[in-house]
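Visitor: Handing you this structure, nothing more for now.
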Amino acid sequence: MNALKMNGPEESTALRRKVPSKSLLLAVCAAGIGGTFQYGYNISIINSPTKAVQNFINQTWTERYNTEISTQVLTLLWSTIVSIFTLGGLVGASVGGTLAIRFGRKGTLLFNNVFALLAALFMGLSYPSNTFELLIIGRFLTGVNAGIGICVQPLYIGEIAPRALRGAMAMGTSIFITGGILTGQVIGLNELLGKEEYWPILLSTVCIPAIMQLLTLPWFPESPRYLLIDRGDDVACKKALMWFHGQDKYHGEKEDMERERDSAIGIKPKKPWELFSDTSLRWQLLTLFVIHTSQQLNGINAIYFYADYVFTQAGIPADKIPYATVGTGACECITALTCGLLIESLGRRALIIGGYSLMSVCCVCFTIALTFQESSPWVPYLSMICVFAFILSFGLGPGGVTNILTTELFIQTDRPAAYMIGGSINWISFFFIGMIFPFIVNGLKQYCFLVFLVICCLVATYIFFVVPETKNKTFLEIQSEFHSRKKLIAVNGTEGPLLSTPL
């Protein structure tokens with residue numbers, strides 16, 4: 001019994017390993033403010049000035065051509081301004097991994113701010129120059145910025161975090177996405193920059209996170225894993241590890257990195273197409289496709305689409321609905337923080353399977369509530385509960401864990417290409433759901449959530465049978481579990497579940 005107990009110093013050391021250093025936390029914040037924060041911010045910031053920008057386009061068109069713009073052309077131009085963000089994101093995700101290999105994780109994040117600053121300049125000049133085309137260029141550049149950021153920031157955070165805190169630190173990605181969404185919703189309120197005359201300033205505020213990152217991130221080291229394995233700079237790696245973890249707590253991380261470096265000797269960082277040709281990565285790539293596709297197709301966009309209708313039916317005045325929408329953003333942000341506290345104790349599998357399972361239940365309840373919305377005065381409140389319950393379930397599960405799994409399922413030489421593939425899948429799915437979602441809603445009405453129910457159930461089932469627990473394991477250990485599965489299939493000729501570790 002005594003052998004199972006830790007003495008005082010050992011217990012203190014174990015406790016310190018569970019608490020990130022101040023330098024590590026500040027590095028996560030410096031990376032996040034100009035990284036995935038921009039992604040969330042630019043998704044939400046465009047909603048507030050819709051009418052104001054459309055009026056500006058109509059006014060500019062009239063001055064140019066002495067005739068009012070048709071409704072169809074106005075809708076097309078506005079849709080282009082909104083949706084070209086996804087095209088820019090796809091471009092950014094496609095080049096993010098390559099830039100991360102060539103310039104480093106930190107160097108790429110710093111360089112990425114150029115796109116945000118140019119975007120702010122173009123969108124800010126669109127009104128005084130009477131050129132709405134600058135809005136299209138600016139939104140494309142914000143997309144490129146977001147695409148690179150959502151690819152490289154999780155890469156940087158996942159590589160600087162110690163193994164015992166990798167999940168909690170990687171949750172910084174989701175926390176800054178939801179924080180960006182919430183900030184955009186708040187800034188877009190009429191009391192701040194939501195008034196019609198302020199829309200050029202509102203859209204130009206994308207420069208603020210970029211400037212903040214340019215002022216803070218240079219003070220932090222490059223990813224030590226990148227320095228050792230990609231650059232072969234042992235001295236710089238040691239200095240970076242001491243900076244992030246302290247002089248007495250970096251040795252274990254250094255040993256893990258050296259083992260991974262030894263396994264990667266003579267192997268150059270792979271390109272995306274090289275991952276597809278590597279049969280040993282088949283299950284990792286399939287998992288990557290499943291989790292990133294389902295993150296966009298699981299119904300979260302439908303929930304936000306129906307939110308205004310649900311709030312209206314619940315009796316909330318039209319001028320107060322923006323504040324209720326801010327409540328949904330705050331709900332998602334708080335859930336991301338909660339997930340960060342739970343992920344190292346419950347593990348990745350429990351959270352993502354539980355999240356999709358709860359979302360499945362919410363889909364059923366929400367379909368019933370919307371079907372009988374007007375049958376009783378209490379049903380609209382049930383719908384409101386379903387909205388917040390779905391957002392909570394998404395934040396606890398797929399919203400928080402997806403990017404962490406992308407980091408953990410691949411080793412150093414494969415990881416940048418994996419992020420390029422995962423990011424591209426995410427942006428293509430984002431664009432796809434934006435194109436077909438109106439047709440799904442118009443055709444199926446509230447029964448569209450039955451489609452999302454099937455998707456959530458299938459994804460939860462796939463993860464249960466295929467994806468191992470990755471908590472507190474080295475990248476090489478995780479890779480060996482997938483290789484063990486492949487060998488088991490080759491010997492038995494059947495595909496059994498990969499359940500070598502418990503939930």
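We number each residue from 1, going along the chain as drawn.
From the backbone N, Cα and C atoms, a Cβ is placed for every residue, glycine too.
Straight from TrEMBL, here's the annotation block:
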DOMAIN    28-471  domain 'Major facilitator superfamily (MFS) profile'
TRANSMEM  24-41  transmembrane segment
TRANSMEM  76-101  transmembrane segment
TRANSMEM  108-128  transmembrane segment
TRANSMEM  134-156  transmembrane segment
TRANSMEM  168-187  transmembrane segment
TRANSMEM  199-220  transmembrane segment
TRANSMEM  350-372  transmembrane segment
TRANSMEM  378-405  transmembrane segment
TRANSMEM  417-441  transmembrane segment
TRANSMEM  447-467  transmembrane segment
Visitor: Out of 24-41, 168-187, 447-467, what stretch is closest in contact terms to the transmembrane segment (134-156), meaning most Cβ pairs under 8 angstroms?
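Guide: By the under-8 Å Cβ criterion, the transmembrane segment (134-156) pairs most with 24-41.
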Visitor: Sequence-remote contacts (6 or more beyond its ends) of the transmembrane segment (350-372), Cβ cut-off under 8 Å?
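Guide: Same-chain contacts beyond the ends: 291, 294, 298-299, 303, 306, 339, 342-343, 379-380, 382-383, 386-387, 389-390, 392-402, 405, 445-447, 449-450, 452-453, 456-457, 459-460, 463-464, 503.
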Visitor: Which one, 76-101, 199-220, 417-441, has the most C-beta pairs under 8 Å toward the transmembrane segment (108-128)?
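Guide: That would be 199-220.
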Visitor: Please identify the stretch among 24-41, 199-220, 378-405 with the greatest number of Cβ pairs below 8 Å relative to the transmembrane segment (168-187).
Guide: 24-41
Visitor: What average pLDDT does the predicted model assign to the domain 'Major facilitator superfamily (MFS) profile' (28-471)?
Guide: 87
Visitor: So which residues does the transmembrane segment (24-41) touch in its own chain, when a touch means Cβ under 8 Å and the partner is 6 or more beyond its ends?
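Guide: Distant Cβ neighbours of the transmembrane segment (24-41) are 89, 106, 109, 112-113, 116, 142, 145-146, 149-150, 152-154, 156-157, 160-162, 165, 169, 172-184, 206, 209-210, 212-214, 216-217, 219-220, 244-245.
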Visitor: May I ask for the residues of the chain that lie six or more residues beyond the transmembrane segment (199-220) and have a Cβ under 8 Å from a Cβ within it?
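Guide: Same-chain residues near the transmembrane segment (199-220) but 6 or more away: 23, 26-27, 29-31, 33-35, 37-38, 41-42, 45-46, 48-49, 52-53, 56, 106, 109-110, 113, 116-117, 119-121, 123-124, 126-128, 135, 138, 142, 145, 180, 187-188, 193, 243.
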